[in-house]
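Peer 1: One structure, pasted below without further comment.
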Amino acid sequence: MSKSKCSVGPMSSVVAPAKEPNAVGPREVELILVKEQNGVQLTNSTLINPPQTPVEVQERETWSKKIDFLLSVIGFAVDLANVWRFPYLCYKNGGGAFLVPYLLFMVIAGMPLFYMELALGQFNREGAAGVWKICPVLKGVGFTVILISFYVGFFYNVIIAWALHYFFSSFTMDLPWIHCNNTWNSPNCSDAHSSNSSDGLGLNDTFGTTPAAEYFERGVLHLHQSRGIDDLGPPRWQLTACLVLVIVLLYFSLWKGVKTSGKVVWITATMPYVVLTALLLRGVTLPGAMDGIRAYLSVDFYRLCEASVWIDAATQVCFSLGVGFGVLIAFSSYNKFTNNCYRDAIITTSINSLTSFSSGFVVFSFLGYMAQKHNVPIRDVATDGPGLIFIIYPEAIATLPLSSAWAAVFFLMLLTLGIDSAMGGMESVITGLVDEFQLLHRHRELFTLGIVLATFLLSLFCVTNGGIYVFTLLDHFAAGTSILFGVLIEAIGVAWFYGVQQFSDDIKQMTGQRPNLYWRLCWKLVSPCFLLYVVVVSIVTFRPPHYGAYIFPDWANALGWIIATSSMAMVPIYATYKFCSLPGSFREKLAYAITPEKDRQLVDRGEVRQFTLRHWLLV
């Protein structure tokens, strides 16, 4: 193809480097011509041995600015768990000593997997399902991560609705969680502001009857009106209204694709850092704050001898970066073809880790303050999960001057932390399916509306009187072992079936530089072994979910496992379908199933790279 034939108007053209020869078979050269006009890239690839059908030029929008992409990735990866989980894990597992396994696993597994997903999406320019043209038999992995992201939307949006409810409740002279004279309070409520003394109980016990705890469980959730998951009751209208607002925000952030979402993240991805800085400056001035920070940073290297510390570090790395949800693939698929995805991976993973670590100073300055206020040890107030941000933090903020303003700012931060992460999850579903089915592509806005409405309807179960039980069940099963399984198969598919050498050649075409031996070894050996370890540990250490003293019935646990296995089942189901639908003998079916679609002509000639030992040994 000559360059002059492809020139249309005042477009800019970039010709990527030609591919290196394949390990087996004749030399194959691919010319990738990238053009850009009005923010839309046109890509066209041809082979020296052209396919039988004419080459089509595919049009795909790109991010308006590079910073839109970076903020979207950072906004997705930095979510509520950075605030409520990492600081607690660090404190629980030896303080500063926990950083040793955390940073080790981040460097040898987290960053390589993050880099892999960015490169995979950017080169193939499709969503989580479409990228598996590199190994058609494993396309089910794409549907696995899409389904998981869909499941997560059922309960994650509810957390944002809680934050929105608290945000609106903050616009009062007296915050509703500081007194026991409200209609939802029980006789056991103990107004902390009516007494300067402490009963000496730990806050894990005391919080069961504090105004903040009762406001969350009785005033917001109305949990006292439910006996369990089999007694949900109707949706609460206040939470339903907040959920509607969340869904509306999500729809209008996503309906035009990255052109709209790329602008929204300028607010949602940056505001949390402004608020965290303000909270840190306020927190360190509180009495007891230094005690909390010392507890957070105290180093106990003997804890590194405990397997649980390494397990916590491994799982935190897996979940904190957001690999395996298809979001990174979807976001990077809208990048320019020549974008430096290696640099993006280093920048965003570093920011994610630094945010997790620095948020610990904010959290523990307030926990130290609460411990001194109640005259109890730090360990009695240190916790993770929703209890930290919806019970402990609100009570701490309520004791400050201008408490209503601080509360509004804090819950606005939670709202923005949640919104851009929820946007990422929905974008994974939308992009993954729109790229796969042309009918949906032609009606993207209508399909986006359908996805957010489906998410809303199923989220209604989580805003009933017993909705916290549904929330806990989904949180436990929807994206636990299943997401780890999906990432494991993804890593094996890219590094082993497609091949590290071929994948590295793809990256060289985009960035002009081939990944060095370190990254190739991580993709080929370290990351798959790490993921296998985490999957096995997650199965061996599995414990049924519970909420406080409530134990879920057997049928609920069975339902949870159905949810978990339904997403994982996409891998064998699609593999079986693909294998059976291919023509030829068993060997020919297998060859077509594991060979990239662009190399089908090699299979026709009997030259299957994956059938050679060299392919599996190359690094």
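Cβ atoms here come from the backbone N, Cα and C positions, even for glycine.
On a predicted model such as this, the values are computed, not experimentally measured, just so you know.
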Peer 1: Swiss-Prot has Asp79, Ser149, Gly153, Ser421, Ala422 down as binding dopamine; which of Phe301, Phe319, Phe530, Phe542 does it also list for that site?
Peer 2: Phe319
Peer 1: According to Swiss-Prot, do Thr399 and Phe552 sit on the same side of the membrane?
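Peer 2: Topo match: yes.
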Peer 1: Quick check: of Ser308, Ser320, Ser403, Ser404, which does Swiss-Prot put in the same Na(+) 2 site as Ala77, Asp79, Asn82, Asn352?
Peer 2: Ser320
Peer 1: Based on the annotations in Swiss-Prot, which residue of Asn44, Asn204 is described as N-linked glycosylation site?
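Peer 2: Matching Asn44, Asn204 against Swiss-Prot annotations yields Asn204.
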Peer 1: Going by Swiss-Prot, Gln316, Ser320 bind chloride; tell me which of Ser298, Ser333, Ser350, Ser356 is listed for that site too.
Peer 2: Ser356
Peer 1: Show me the subset of Asn82, Phe105, Ser149, Gln316, Phe319, Asn352 whose Cα is within 10 Å of Ser421 (Na(+) 1 binding site); these are the recorded positions I mean.
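Peer 2: Within 10 Å of Ser421 (Na(+) 1 binding site): none of them.
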Peer 1: Rounded to a whole angstrom, what is the C-alpha distance between Ala77 (Na(+) 2 binding site) and Asp420 (Na(+) 1 binding site)?
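Peer 2: Asp420 (Na(+) 1 binding site) has its Cα 9 Å from the Cα of Ala77 (Na(+) 2 binding site).
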Peer 1: According to DSSP, which of helix, strand or coil covers Phe105 (site 'Contributes to high-affinity binding to cocaine')?
Peer 2: helix
Peer 1: Going by Cα-Cα distance, pick out whichever of the recorded positions Asp79, Asn82, Asn188, Gln316 is nearest to Gly153 (dopamine binding site).
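Peer 2: Spatially nearest to Gly153 (dopamine binding site) by Cα position is Asp79.
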Peer 1: Name, in the order they occur in the sequence, the residues of the same chain whose CB lies under 8 A from the CB of Ala422 (dopamine binding site) and which sit 6 or more residues away.
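Peer 2: Spatial neighbours, sequence-distant, of Ala422 (dopamine binding site): Gly153, Tyr156, Asn157, Ile160, Val246, Leu250.
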Peer 1: Rounded to the nearest angstrom, how far is the Cα of Gly75 (Na(+) 1 binding site) from the Cα of Cys189 (disulfide bond)?
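Peer 2: Pair distance, Cα basis, whole Å: 38 Å.
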Peer 1: Neighbour count first, Cβ atoms within 10 Å, every protein chain included; then name which of Gln316, Ser421 tops the list of binding-site residues.
Peer 2: Ser421
